[in-house]
Amino acid sequence: MPNYGVPPLALTRGEGCTVWDADGNAYLDLVGGIAVSSLGHAHPALVAAVTGQVAKIAHTSNLFVNEPEILLAERLLGLLGGDGRVFLANSGTEANEAALKIAIKYGKARGKTYFVATEDGFHGRSLGALSLTGKHAIREPFGPYALDVRFIPYGDAAALKDAVTEDCAAVFLEPTQGEAGVVPPPPGYLAAVREICTANGALYVGDEIQSAIGRTGAWFAFQHEDARPDVLTLAKGLGGGLPIGAVVAFGEHGETFAKGDHGSTFGGNPVAAAAALAVLDTLESDGLLANAAEVGALIADGVAAIDHPLLAGVRGRGLWQAIVLTSEASGAVQDAARAAGFLVNALRPDAVRIAPPLVLTAAQARSFLDALPAILDTAAQTQETAP
Ligand SMILES: *Cc1c(COP(=O)(O)O)cnc(C)c1O
């Protein structure tokens, strides 16, 4: 179907942060499959975990239990400080659907009638997740929606305070907005979200599908302000390229789903869970959170030091940065970067996303920084000659 347009490249293989197209051209991958390939491509730990598990048993369904899913749930709860329960799904959208059902059930039991989410926020493309998604262009064509969702500007604690009353069942937001353009909140915002939700008995659902698993230099982005949500959703980087999503609900919220309330045929798949365990183990053993923080800072500082008329600035944290442009030239920058051997993502008309594997080295980051001025020159020329 034409919903993705025509992709510019066919990728056939990868190794570390390098990918090759069908013509044999190599590229430095600074997109990581949209913040997914956390260990890079063909990492030996991921290959061993996946091939080892598929050779044992590839699928059990939830009629039976398998070891990797249990180990993964325990591992996630260990990283999160304990007391909660995990539901495993196959994507970010599915994780958010499960979180939304938890929030609906929570609200119904207490006579709470509406939800709050953020303008420009992104939670997925299914009808439940889309009803929480504030991006007008992808939301409006498929409305109206069945839930009462009220949208507030992201990062504005006063607006959140006004919007959340005792009738609010849950607040859904990203601890850093991803699809909106890698937008970190102002300092103190996440702590204020936590406080406002607690004061009104609203669930705080943190969508960390893009921001977690080391991306920002911490396991979870909420840890930068120590403001833990009641329900947390994960996906993207968790499986290192295998499809997986997870919902973690803390304390009593882990008991919201009773038997029969939710399910998934593939959720808890042992191959995906084994991949996720390999990702978590390798991030820890190879010090990749610190690498994300250091190499990310190197990229942010390096971009900030470039003086170019097309460059407005850089924002983000860790290996998750938006290069912000002075005009709507992100498509031209993406094309010029690809021609120079770098894959980046035109996230917004005026913003280019960098979300590489967390194994990116300082030398690889420098090679991109060295090439960036010429990439911007080419993009600026294309802009000028465009009709
Ligand atoms: C990517 C993303 C989703 C949707 O995840 P899928 O795996 O594409 O279904 C939801 N929320 C956030 C914050 C995302 O970045």
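Placed from the backbone N, Cα and C atoms, the Cβ positions cover glycine too.
Pulled from TrEMBL, these are the features on record:
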- G92, T93, F122, D207, E208, I209, Q210, T265: pyridoxal 5'-phosphate binding site (BINDING)
- R125, S264: N(2)-acetyl-L-ornithine binding site (BINDING)
- K236: N6-(pyridoxal phosphate)lysine (MOD_RES)
Out of the binding-site residues I have (D207, E208, I209, Q210, T265), which ones have their Cβ sitting under 6 Å from ligand 1?
D207, I209, Q210
Please tell me which one of the recorded positions listed here (R125, K236, S264) sits closest to D207 (pyridoxal 5'-phosphate binding site), measuring Cα to Cα?
K236
Find the shortest Cα-Cα separation between T93 (pyridoxal 5'-phosphate binding site) and the recorded positions R125, K236, S264, and name the residue that gives it.
R125
Output, ordered by sequence, the same-chain residues six or more apart from F122 (pyridoxal 5'-phosphate binding site) with a CB under 8 Å from its CB, or 'none'.
T133, G134, K135, E174, Q177, G178, E179, A180
Just counting, how many other CB atoms are there within 10 A of the CB of R125 (N(2)-acetyl-L-ornithine binding site)?
15
Starting from K236 (N6-(pyridoxal phosphate)lysine), work out which of the binding-site residues listed here (R125, Q210, S264, T265) have their Cα within 10 Å, and give them in sequence order.
Q210
Cβ-Cβ under 8 Å from I209 (pyridoxal 5'-phosphate binding site), same chain, 6 or more residues apart: which ones?
G92, A95, N96, E174, G178, T233, L234, A235, K236, G245
Across all the protein chains here, work out how many other Cβ atoms are within 10 Å of the Cβ of E208 (pyridoxal 5'-phosphate binding site).
30
